[in-house]
């Protein structure tokens, strides 16, 4: 067993107060010693006997001697996050590192290791040192050329799902190239690795499933969840994204096939927020499905039973939450994704005081929409307290957004939260939520039950409430009809219309419809992307209220500060930081969200604001507080550039 002392790997970011002491140990996994294991130590200065075998004792001794010395790196361009799991970013990017796996990887094993594989970018020296001669064609190309080649290949596919599958295959074979490709082409590839394409991928996950990309925890693992977590090869987990697959986007219950959501979200945590891939863990909790089509599908990969509910469900989730805290500690971020309403609110309330939990559907969506509304004030004037809001949809997203808007209004105007809620109205499947319905509605809808006569149809609610902002979170497409949009345009010079449901097929209206029916006056944003729209000689660029603006930077801020609980003020800070990223050139195009091409800088700004708020609230544990939080956030981001191997 080889171990390297912690003093070997001191991360010097060059940012005052942002250095982190790190350690690297042989993973606690059982492995059989193979000939390849002995061969690899030749790169560490080991000696060969006349028959070509490696003298492992000499190599081990040499390694321990060199590892015990302190390495001082004056300038490190990246630090790889709060904890540099592999120790590779203790050096600057131009310094050589050792490609650790269970042992030093080499030969065919190295080419099959997605963490260290570089394909044709291995140099001639690396090919000699790591037994790659003959295993690769003779040419050596740069990572940039690999990116260019992959983009050329991806653009040949006409079907989005084919691009998704190609990207997932690349992630499983060459991790750094995958993230380099995604970061460099984020605006083009974001819809491929996430919404809207990920929705179709989840629907067909059983058919396209080749290799597991996360942990599947089912009812069969009840009583053994801690053991299951320990089966995951990475031990230093900082972010977990978990779903039970009951409400995937606007597509309903997809059961175990909802795994595409945690995998996609964590890809964005790394690409957009800079969290190291090895620190991310996707999890699907499989308690069955009520989707008859899946239960009868021979390719379905989950439990073939109706969904567990009540005590059986609660016990499994509690065991999971307890095991996560026991195995990874109190500062691991647990992000809930696509749980049904009745479970989402209960889980957030139950574990919000004991774990570092975050529900992206409730809190992430709310934060990004609030940012868009703050930015939209530039067009319509006034403050949020001067506007009236009408929601179509009163589930996780709708009530979450409404509550955060009310919190922002309350903080800015110093009025009670209950008073701030009075200008916010919600419509659900049974019509306008009013006080006469209070006894029959779910608990999370009750704060929005105001005094008013019952109204069934959305267009009648628009005429009666006279909102300045119309927000769709219904998950039902084409519900913002021409009459609804035209009514909004009659009531407002610049109506704010946000059609947020995903995927594109479930959007309440299209960008083209919103601009045409409002005669080009609407301030529009959607959940899934729409192309620019030409109307009467003017080009409108519709905004995308994508949660990817918020959760990667938000999570990074929690991690870099060692925060132990999420507070609503952190969400408000993230919204304000995002809204500040819009420039005059963006407003001229009617945009209320900045372009994604600058997303890493945006995420760093959000992370800094979130971390600052955590320190202010006394919830941060990483002390002392760095002096330059934004610089610290940028320096802690994972770099996908290839490293040189010894």
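For all residues, glycine too, the Cβ spot is worked out from N, Cα and C.
As annotated by TrEMBL, active site, proton donor applies to 194.
Residues or ranges marked as active site, proton acceptor by TrEMBL: 265. Counting Cβ atoms from all protein chains shown, residue 265 (active site, proton acceptor) has 27 others lying within 10 Å of its own Cβ.
According to TrEMBL, the (S)-malate binding site annotation covers 247, 502, 546.
Residues or ranges marked as divalent metal cation binding site by TrEMBL: 337, 338, 361. The Cβ of residue 361 (divalent metal cation binding site) lies under 8 Å from the Cβ of 336, 337, 338, 339, 344, 396, 397, 400, each of these being in the same chain and 6 or more residues away along the sequence.
Taken from TrEMBL, the feature domain 'Malic enzyme N-terminal' covers 171-352.
A 10 Å radius around the C-alpha of residue 194 (active site, proton donor) takes in these recorded positions out of 247, 265, 502, in sequence order: 265. Per Cα geometry, 546 is the residue among the binding-site residues 247, 502, 546 nearest to residue 265 (active site, proton acceptor).
Long-range Cβ contacts of residue 247 ((S)-malate binding site) within its own chain (separation 6+, distance under 8 Å): 253, 338, 339, 340, 341, 396. Annotated divalent metal cation site 337, 338, 361; additional same-chain residues within 8 Å of its Cβ mean position, judged by their own Cβ, are 243, 247, 248, 261, 336, 339, 344, 359, 360, 396.
With a 10 A radius on its CB, residue 338 (divalent metal cation binding site) counts 26 other CB atoms from all the protein chains.
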